[in-house]
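Contents: one structure, followed by commentary.
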């Protein structure tokens, strides 16, 4: 009867460190995965910033010759007129529509 408690104690002693080390290994793995994910996100953000910077630089176009204003286009007055019908016009709107 004295020999049966000893194997149980030995088994518990072996199981406890194994469980502890499994938990620690799992925590370490999760930490490493989180750090790897953060590193990837930082790299992606840095690459995006670099792409934006290079896109901004490539937008510049060298223009030779005089920089003048473009000629004004002739637009008929019918196109420029806009008619609106307000549900609750103010005095200002009424006066403007009468003019």
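The backbone N, Cα and C atoms fix where each Cβ goes, and this holds for glycine too.
These come from TrEMBL:
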DOMAIN    22-99  domain 'MiT/TFE transcription factors N-terminal'
REGION    32-52  region 'Disordered'
COMPBIAS  33-42  compositional bias 'Basic and acidic residues'
Stretch-averaged pLDDT - the domain 'MiT/TFE transcription factors N-terminal' (22-99): 81
May I have the DSSP-based helix, strand and coil counts for the residues of the compositional bias 'Basic and acidic residues' (33-42)? 10 helix, 0 strand, 0 coil
